[in-house]
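Q: Here it is: the structure, laid out below.
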Amino acid sequence: MLWWALAAGGILGSLARYGLSLLQPFMGWPWATFGINLSGAYVLALFLTLALERWSLPAAVRLGVGTGFVGSYTTFSTLVLETLHLVVRGHPWEALLYLHASVAGGLLLAYAGHQTAMGWIHRRGQI
């Protein structure tokens, strides 16, 4: 019965990613995918920390938001494809920078999302 939450979240997340990608088409540096993946890392860590540490959310909500929405909003395959495009177009150092910045930035923003949630929990006692 959880499939509907996953499907609904997936539809909304992929539509959000598509809409944001239209704002900044690929023109050299893949800013749209970079921003989408970094913001997704922050949101996922923030949401799951709150969901697991403070809120008593049904599994359908956790699955729909975490795996469905954020999972379809972020995109590893596009990151890899855009990295490959940079290499093929003769920009291997930009490709390496993009790949490392995406992974390091994602880790930093996931940590920031977790810390933000924990700060809210400790300051307010409840969210």
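Yeah, the Cβs are placed from backbone N, Cα and C, and that goes for glycine too.
What TrEMBL says about a protein is an automatic prediction, not a curated fact.
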Q: Pick from 1-19, 96-114: which range does TrEMBL record as transmembrane segment?
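A: When 1-19, 96-114 are checked in TrEMBL, transmembrane segment belongs to 96-114.
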Q: Restricting to the same chain and to residues at least six past its boundaries, which positions have a Cβ under 8 Å from a Cβ of the transmembrane segment (32-52)?
A: 17, 20-21, 23-26, 61-62, 65-66, 70, 73-76, 78-79, 82, 98, 101-102, 105-107, 109-114, 116-118, 120-121, 127
